[in-house]
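Notes for the one structure printed next.
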Amino acid sequence: MSHLVYVLNGPNLNLLGKRQPHIYGHETLADVERDCRALATELGLDLRFHQSNREYELIDWIHEARETAGGIVINPAAFTHTSVAILDALNAFDAPVIEVHISNVHKREEFRHHSFVSRRADGVIAGFGTQGYLLALRRVARLIAEKNTE
Ligand code: DHK
């Protein structure tokens, strides 16, 4: 299985570090990308790191990943709670998917408690701040390694 992992980020995550820092923290998405790249190197993974405010772009990256990637780490942000289209795209992807939320969505408003993406995700991380991305990458690396020794 491929060592390429897509890290996908949904709407408003371009404002990470500036928007509601009491909820999402002070780290920017560039900080997250830097830390993910450093860990990926350590784990022997290649990374594609993307953010978009547009649902179709996230779907296109998931389709691209179908051809090339061994795993997807996705923080769909608000699309988590609304997007059957992203769920359908992930259902067409055959390798591990880990869903990440920076905040603990279960501690927040009722409408954040439901995730379409969780119906497909192999694991869900919420409330670990931006460290959640690194935990997700470690999990994907483990799942890829297990697949490759099967
Ligand atoms: C990020 C968002 O933008 C929200 O819409 C989600 C998620 C939670 C997060 O915690 O990373 O509800």
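Using N, Cα and C of the backbone, Cβ positions are placed for all residues, glycine too.
Listed in TrEMBL for this protein:
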type     : residues                        : note
SITE     : R19                             : site 'Transition state stabilizer'
ACT_SITE : Y24                             : active site, proton acceptor
BINDING  : N75, H81, D88, I102, S103, R112 : substrate binding site
ACT_SITE : H101                            : active site, proton donor
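Only N75, in sequence order, out of the recorded positions R19, N75, D88 have a CB under 6 Å from ligand 1. Using a 10 Å radius centred on the Cβ of D88 (substrate binding site) and all shown protein chains, the other Cβ atoms total 13. Pairwise Cα distances among N75, H81, D88, I102, S103, R112, the recorded substrate-binding residues, top out at 24 Å.
Cβ-based crowding with a 10 Å cutoff singles out H101 as the top-ranked of the recorded positions R19, H81, H101, R112.
Nearest by CA distance to D88 (substrate binding site), out of the recorded positions R19, Y24, H101, is H101.
Just so you know, of the binding-site residues I102, S103, the Cβ with the fewest other Cβ atoms around it within 10 Å is the one at S103. Here is what falls inside 10 Å of the CA of Y24 (active site, proton acceptor) among the binding-site residues I102, S103, R112: I102, S103.
In this structure, N75 (substrate binding site) is part of a beta strand by DSSP. Comparing the recorded positions Y24, N75 by how many other C-beta atoms lie within 10 angstroms of each C-beta, the top residue is N75.
The two recorded residues, R19 (site 'Transition state stabilizer') and I102 (substrate binding site), have Cα atoms 13 Å apart. When the C-alpha distances from the residue listed as 'active site, proton donor' to the binding-site residues N75, H81, R112 are tabulated, the minimum falls on N75. In the three-state DSSP assignment, the secondary structure recorded for S103 (substrate binding site) is coil.
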